[in-house]
Amino acid sequence: MSPASVFVCLSLTLLSDYPVIRVKPDHSGVVTDGVKHSMNPFCEIAVEEAVKLKEKKFIKEVVAVSCGPTQVTETIRTALAMGCDRGIHVEVSGKDYEAMGPLQIAKIFAALAKKEEASLVILGKQAIDDDCNQTGQMTAALLDWPQGTFASEVTIDGEKVKVVREIDGGLETIKISMPAVLTADLRLNTPRYATLPNIMKAKKKKIANMKPADLGVDMVSRVEVLRVDEPPTRLAGVKVETVDDLVAKLKANGTI
Amino acid sequence: VMFNGLCLKGFWLYSVCAMRDTILNSHLAAAHGLSDEQKEFQKMAFDFAAHEMSPHMAEWDEKEIFPVETMRKAAQLGFGGIYVQPEVGGSGLSRLDTSVIFEALSTGCVSTTAYISIHNMCNWMIDTFGNTEQREKFCPELCTMDKFASYCLTEPGSGSDAASLLTTAKLEGHHYILNGSKAFISGGGDTDVYIVMCRTGGKGPKGISCVVVEKDTPGLSFGKKEKKVGWNSQPTRAVILEDCHVPVTNRLGQEGQGFNIAMRGLNGGRINIASCSLGAAHACVQLARDHLLVRKQFGEALSNNQFLQFKLAEMATKLVASRLLLREAAVALQESRSDAVSLCSMAKLFVTDECFNICNQALQMHGGYGYLKDYAVQQFVRDIRVHQILEGTNEVMRMIIARSLLSESG
């Protein structure tokens, strides 16, 4: 029995190539106004994997989901243009959006996955702006589903999923039952370009709108960001003439 | 600041990727006024240009490589027949959509994008003026770029005075016998489908017809590959026709309609070529800006120099003005407005001239480094120089505009 639907959960992040990210003057966060946002690269990989699974006929439907302000619908449209069948936009804006962290997002995704009876939830392994690497794992825990994180290869085998994971020691292969949560790592695939015809077809695909309250999710954050600072400016080094001088200097400043 | 070869490729790729995003971002935003869909096309075209074209731009130019595989990848995304109808494999988009796409692709490689635009123009001509058999025979393979096309109008003796062309097509039974030669044909010798304007009737434009000549037809041969200042990723050759038998069923439209078909193709072609100039100019403004911020002389960054600030401001202003005129002309053409031909000529004239000046200025701002092939700016300058000449010289553009102004209805 092939799984009915796969949810791909997308994150909208600050653009990776953007040259200058500034800390806000009040150190409460980073300036995001006017900074170009786009789909998180690991989420692109997640979309690509889901679409590939559908093309191989392992799954029937791919749903692209994202939480955030109106802007995220652009991301969902890109996912639709890559081949997802429909989208869901969970509207979170203003103060709620600023305070939104992995736990709140995981609660939303878990509630949606349950409501829509998803068989697989695929996310990017982490967002490149905060590098939390938590949402996938939290979603799996809330659902009490198995998780295959840092996936560099995914194969569906009947009711189970074989996942090759990139871990510190090398590659680990696990087999987990569905429904399951997967997070995509860099080498899982190379995301396709949306084709012109698919971009046009995406216009006709539906994006449903809802709010966290509709899913019974409480958005209150238990984490308070106290302060955000830039990394310390790199100090100039000191040149020495000999190895003995080097050792002496390192001893003097307490390094060795 | 000099870089060794290895560092350089990485630097160039990095700077183009960063450029793509700042282009979409900045006050020069190429995305202003576009629909959500058009922004998606644009973003996708920029991504393709940054990843698939830009890293190879210099090599394609230096080694004169016709990048067939890359163009076929582009065709898979729908770039082979952007404004050709979907029922024969095209993407069915508008002239404005097309302009936005070519502008974005040009930031990756002007020469290759310009060839893709010529291919698109030929594809459209068959789609628009061909009968069902011709459309079904040629367009699908042109849309996938399984086959490539060339546009053959210019001859050694007729450039601006295109209607005085001498290539003859004598009707004999079910064939036309073509005799003559075409000059400066983009893709010539490496393409599969040649749209040839030839004389079936008397003198002047009304005696000209348009026929499709397929590669390997006996009597079709090519001159030597020309050595050019730019546009080196597309081969340019003379196309020679000696008693070349072409079936009458390969004629597009009616006898005597050929010149009209050729000119209608060029209206769109002019929008496309100007779009390529625009993309190059935007890339160069970005490169110049980045250079001014980094290069120091007299104890401070060049960007503190008022003359250079003012020069950059002028470049940006002309760029935005060019873009607005070009997009207006694209819309006029797709709406078949009565001023479309004139506007397309104005856009081609203004945009190719201004954008060349912008790229040239950007090169100047780089100082000596601008003259080195290690830096992309010189390739943009060399590649778009010819846009002021082909698809109708900028002098001919003035003729068209003046005629429209001075005519009875003008």
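Positions of Cβ are set from backbone N, Cα and C atoms, glycine also.
Note that the coordinates shown come from a computational prediction; the quantities given were computed from them, not determined experimentally.
DSSP classifies B:E391 (active site, proton acceptor) as coil under the three-state reduction. What TrEMBL records for B:E391 is active site, proton acceptor.
What TrEMBL lists as domain 'Acyl-CoA dehydrogenase/oxidase N-terminal' is B:35-145.
What TrEMBL lists as domain 'Acyl-CoA oxidase/dehydrogenase middle' is B:151-244. Secondary structure counts, DSSP: the domain 'Acyl-CoA oxidase/dehydrogenase middle' (B:151-244) has 6 helix, 47 strand, 41 coil.
As annotated by TrEMBL, domain 'Acyl-CoA dehydrogenase/oxidase C-terminal' applies to B:256-406.
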Practice task
Over the domain 'Acyl-CoA oxidase/dehydrogenase middle' (B:151-244), work out the mean pLDDT and round it to an integer.
Solution key: 97
Practice task
Measure the Cβ-based neighbour count of B:E391 (active site, proton acceptor), defined as the other Cβ atoms within 10 Å of its Cβ.
Solution key: 26
Practice task
Tell me the residue counts in helix, strand and coil for the domain 'Acyl-CoA dehydrogenase/oxidase N-terminal' (B:35-145), as DSSP assigns them.
Solution key: 84 helix, 0 strand, 27 coil
